[in-house]
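Data first, discussion second: the structure below is written as structure tokens.
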Amino acid sequence: MGRNRKRNVNPFAQRKRDNKQFQPYDKRSEPYHDIVRENAEFEKYYKHQKVCPEDEYNHFITALKKDLPATFRLTAFKGESKRLLEIVKEKLFVDYLSGVKDLNEENDEELKPKNLEWYPNELAWQLQLSRKNIRRSEKLFKLHNFLISETKSGNISRQEGVSMIPPLLLDVKSHHKCLDLCAAPGSKTAQIIEALHSDLSVKGIPKGYVIANDVDNKRCYMLVHQSKRLNSPCYLITNCDAARFPNLYGNNQKVVKFDRILADVPCSGDGTMRKNADIWLKWKPANSLGLHGLQYRIAKRAAEMLEIGGRMVYSTCSINPIENEAVICRLIREARGTLEVIDASTHVKGLKYNQGMTYWEVATKDLKFYSKYEDVPAEFSTLIHKEMFPPPSSEIAKYNLQHCIRVLPHQNNTGAFFIAVLEKKQLLPWEKQIDEDAIETKARTAAENNGDGETIENPRKKKKLANYGHREDPFIFFKADEEIYETFKKFYQLSDDFDPTCLLTRCATGKKKNVYLCSPEVREILRNNENNIKLINSGVKTFSRCDNKNMECQFRLVYEGFHNIDHLVGDERRINVERDDLIKMLNNLNPLEPPLIADMSESVQKQHEKVTSGSCIIHYNEGDDLELRFVGWRGNKTLRAYIDVNDSIHMLRLVGADLSKYEVNKFEEKAKRELVKTDEGDEEMAQDDDQEQNELHIDEDN
Ligand SMILES: C[S@@+](CC[C@H](N)C(=O)[O-])C[C@H]1O[C@@H](n2cnc3c(N)ncnc32)[C@H](O)[C@@H]1O
């Protein structure tokens, strides 16, 4: 009989194996456990509130329990978006349909990607699968790769369909001063930035800008990530409580009033249950009661900062009237005719929705409903306030709540959302006092100036800013006669129209590494409000230090920012390439082995001779239909693209080049990795066993 090896197991080897078994828990590898999508209180609450007609209620609840289909939209202002749209429709969706057919029994029509008809220019699409299903299906790996890579390069945004509505209703034009008060993670900010840039008749940098703010310091960096993708000099990220957003000062120390304000306020989020199934477990009637006050304060502050004639959008991803109509009604009532809810539905023609509610009740934690504040027991007085109730029916019509938009999940196969569009007709009744305070501040500021109207340092006394997160580097602008700018100007033959004072760095001492560009309007906000609000990020990287001895200027152009100054760069730093040259350059991933100029077209070889070494701009033109420009590097015998791989993939896709080398099938990769792991594991096991055997022999020998 063989020996019982268990008794004689080597404890060290055994511990090693045990440790392997208890590797840190990897959530992603666990099969998806469906949360039970039921909550009796939720269903009872909304049935009572009559959020939709009774005969639709079951459809509403049924839709809310289904996974949310994935949606994405193409970046509106990119000239190439027309070409990308063709590729999406003619190639990507065809591949998608053949992949999805094997996954699903449903008929072809139901599987077809749907264009969100209310979104302009066919730019927004809904796939008939959830993001999770796309991520987990090998048949759809190319679609998943497309979504990731085009998102990174800023050419598409993966955004929930209903979340695209508020920025559309904001109707942003290129000259608008915009404020996005609760902006993180930033999908709506991205849409606002796109809108600022989407008027292709505007040459150069638009005059408008967006200040994107969030109270959560960590989430502000999600906002940085989102906004950066769009390479715009027209945004600024701040970190403060929206309900106490300070007055900002622009030129001449005037308080800035905004043309457009988005208040996409924090909410209970029950409209996102299709995506965030855990809300089914957490939902309680009291959640909304605790949020109403903050939502009202943010909306009120937004109204104060709005220009007369300006437009603000209040939105939530909550279905609850306490967080929606009750907030709007309270604000409009207090504004006494100076604010008006308007009908902006022409911006979303084709969208199915319900009008805002004009009657609702307020419920206690135990789901007792009250129609009048006077009937609410005293014990609930800290949670339920008079302002949460609708005004008497004789009065309600004047608040125009019917113009609010409530989108429910069964109407367009989306999440739920609430949007109200408000216009400011006059100063708010309490705003006069605020303005007087501002005038007083201005007068005080003037007294602190050096007499000729120029401020010596920052105009306002440094006030203690709330301590949100870590300290940011300063924003240091170039002076009009900044020394290094002269080398930029000479090397890139920059036109005199270029304003060097729009360039900035983030390091006070030492060598400047990166130079960022922001619009003159954003520069004024940055300069005048440094001590007024916590500034997180602004400016698009446009030049970067490259201590290359072959280049006369120590700064190369950076792809992110060069588009904004492209028209100001001289012709001596430009090279036109042909299709094969382009593909060669874009396919080169190894900077140590750049494409040889000898392998390129004759025309490129000739131009190469005329351009001195260093950073340059590459042009590719396919006629009216497609024009590509990017940053390159002219070496002695080489010419290469100086761009990120995702930008390369995007351009290769646009010109119809072969992308197979970039199509990583993560499922195959994972299978290969696991095979290697198993082999290594077997080997290790064998080694452990050998070692054990040796040790056993030693034991025996002893
Ligand atoms: C519904 S999310 C905003 C989503 C965002 N607009 C978008 O489209 O990506 C609400 C945001 O409000 C922020 N927030 C919560 N309270 C706030 C406050 N008092 N001031 C400013 N932001 C606040 C949260 O951190 C959260 O990022």
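We count from 1, first residue shown onward.
The backbone N, Cα and C atoms fix where each Cβ goes, and this holds for glycine too.
Straight from TrEMBL, the features:
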- CYS317: active site, nucleophile (ACT_SITE)
- CYS182, ALA183, ALA184, PRO185, GLY186, SER187, LYS188, ASP214, ASP241, ASP264: S-adenosyl-L-methionine binding site (BINDING)
- 15-29: compositional bias 'Basic and acidic residues' (COMPBIAS)
- 680-693: compositional bias 'Acidic residues' (COMPBIAS)
- 1-29: region 'Disordered' (REGION)
- 675-702: region 'Disordered' (REGION)
Intrachain C-beta neighbours of LYS188 (S-adenosyl-L-methionine binding site), sequence separation six or more, cut-off 8 angstroms: SER163, PRO166, PRO167, ASP180, LEU262, ASP264
Largest CA-to-CA spread of S-adenosyl-L-methionine binders CYS182, ALA183, ALA184, PRO185, GLY186, SER187, LYS188, ASP214, ASP241, ASP264, angstrom: 19
Cα separation, ASP241 (S-adenosyl-L-methionine binding site) to CYS317 (active site, nucleophile) (Å, whole number): 20
Which of CYS182, ALA184, GLY186, ASP241, CYS317, the listed recorded positions, has fewest other Cβ atoms within 10 Å: ASP241
